[in-house]
Structure formats: C-alpha cells, structure tokens
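Peer 1: Take this structure, written in structure tokens, and hold onto it; I'll ask about it next.
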C-alpha cells in the first residue's frame, strides 16, 4: 500500500542555526514515541530524558533535535485504527520509515542532517536513512541494532505477535488485551545478571505460602510492566495492533540484502560514506553484540574508514541504551561533537561500570 499523504507527530528541541546544518534526527525504537524529552505541555519523562538537554549528549545548546513517531508505529498519529483494521495492509519497514521522515525534512526545509541517531529499531532506521539519503546525512549512530534480524530474534517477535493474535477478541485486528505480550517483550529487553542483582529469588510476600499466583518479585515486576501498558493517560493513540506491525517490520528488515540494488556494497550500501558509530552490549540477547560487530565489519569491508565500534560490558541487556547514561552518553556525545575527520578503524570495549 502506498501513502500519497500521511499525518505524523514530532517533537523538536533546541534551535536551528542560520545554515540549518545542526539538525539531528532522533529515531525511535519499537515502543518509543516522539516524546523523547519532557516539556511544558507534557511533564512526564521522555524515553531518552537524561540524554537530551543543555550540555547533555544531545546538546540542545548546539543542536536542533527532531524526534518523530514512525508511520504505523505504536504511538503514531496515523496508525492502524486510523486507516484499517486489517494489519496485513499496514506493513512497513525501516526503509519506509526513513522515506517518511525525509518527507518531513523536506516539509521543514532541512536539506542535510548533522546526524541520524537511533537505538534498537531506531538504529535500523539510522542505517536505512544513511543508505537511502547518503547526500543528506553527515553522521550515523546505531545503538543495539542490526543490519538484519537473526532467527532467535524473529522467533521471540513471533511469540509476542501470536499472544496478541490468539486472543478471541482479535477480530482481524480489533484487539484490546496485550499484557502477556508486554511481559514477553520485557524479558527480551533486559538481562539475567541485572535481575539477579535486583530481584534474585526474593518473594513479594514471604509470609504467604507459594501458589500459582504472582509469588516472586520478578513476577510482580513483569505484571507491573504489563499493567503499565494499559495506562492510556499519556498514550491516547496507542494501538496494540501496531506492536504486531512494527515487530514484523523489524524481523523482515535486511539491510545487508535490501531492495536498494543500485549499489553492490552489502550492509548499508550507501552508508559507507558517513562517519558511523556502532554500539553493542555484551548482555543483550535480543539483538546480540555480534550483530553490531557485523554492521561495523560490513561497513569497513565496503571501504568506510570512519567506523567506530564500541562494545559495552554492562548488565542491562537490550535496554542499556535507556539506562547506561555514562557509557552510552559519552560515546554519543563524542561522536556528535568531534570534528569530521577520517577515523581509524577500531573496535573498543568499554569496561564494566563499578
């Protein structure tokens, strides 16, 4: 299905300079929205609250940051409920998201971006943006992302979608219950070592006898995450069907062998010209660190001499990009603010925080 026109929401932070060459496009993950930073109209913390602001990694004193929803995404202004209740008709992928975002850049009169920054599915979008519009992107940051989804990740996403679609109220897409899918998702985003430190085998109420109901604190945590998705107060356009759509777009994405066949170089064919930072996390098992290494290797093999690859030794799993301000933040800030130059091909390992 081709969209001749579409609606979307965006959040802007910081000011453009006279040349409009200080613009950063911040792309979202699967469940993210344009609300990356709190503001006077919405005081709730954004999903990258700690990373955006004066003097922070995305420095609003220096850069104009634009964060948009993805078309058909979880928080999109134009999602499934506003177009069709048949989710098969509403499948996109990071390439489609990138085209939509640059249509928005055209509308805003922005010809060239200082950088595209994204994590998880957003990191796939940053690679896609660089591949689709190499002449309009100066720098790329891809965190905990992949050039293609591997079978284990596809299997996990499949299980989540089946939970959604197996409900009797699915009705071809008219779905209202999705707590279990959220619990499965939470398990994939975090890591065992973190939960060992945080919860261990602690019980919610040691005075009660064990039962089939929620017993351990980790179980209570998962139930809380599920119930949080029912809180619609700050998610007026949330549509659970869009989890299925966005999830499938992630698993079907393959930048190594994408439809961009004009350029023969694999893995981000046009992305071989930009200064690129790739960040992975050792404890991430949803999108394992070897997949970020694969991105860096492909880009280097394609002739890009401006590739830096960091691997973080932390305990937060896939959600490290949300939680590890010290390591992720310093790497992002350095890459955005360092003068453009040919960087040495290097792979670094960030030491485990004390």
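In case you wondered, yes, glycine gets a Cβ from its N, Cα and C as well.
Reproduced below are the annotations present in TrEMBL:
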DOMAIN    23-295  domain 'AB hydrolase-1'
ACT_SITE  120  active site, nucleophile
ACT_SITE  284  active site
ACT_SITE  318  active site
Peer 1: Using all protein chains in view, find how many other C-beta atoms are within 10 Å of the C-beta of residue 284 (active site).
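Peer 2: So the Cβ neighbour count for residue 284 (active site) comes to 27.
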Peer 1: Just how many other Cβ atoms lie inside 10 Å of the Cβ on residue 318 (active site)?
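Peer 2: Total other Cβ atoms inside 10 Å, all chains included: 23.
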Peer 1: Under 8 Å Cβ to Cβ from residue 120 (active site, nucleophile), same chain, six or more residues apart: give me those in sequence order, or none if nothing qualifies.
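Peer 2: Looking at Cβ-Cβ distances below 8 Å from residue 120 (active site, nucleophile), excluding near sequence neighbours, one finds 29, 30, 143, 144, 145, 287, 318, 321.
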Peer 1: Grab the pLDDT values for the domain 'AB hydrolase-1' (23-295) and give me their mean, rounded.
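Peer 2: Computed over the domain 'AB hydrolase-1' (23-295), the mean pLDDT is 73 on the 0 to 100 scale.
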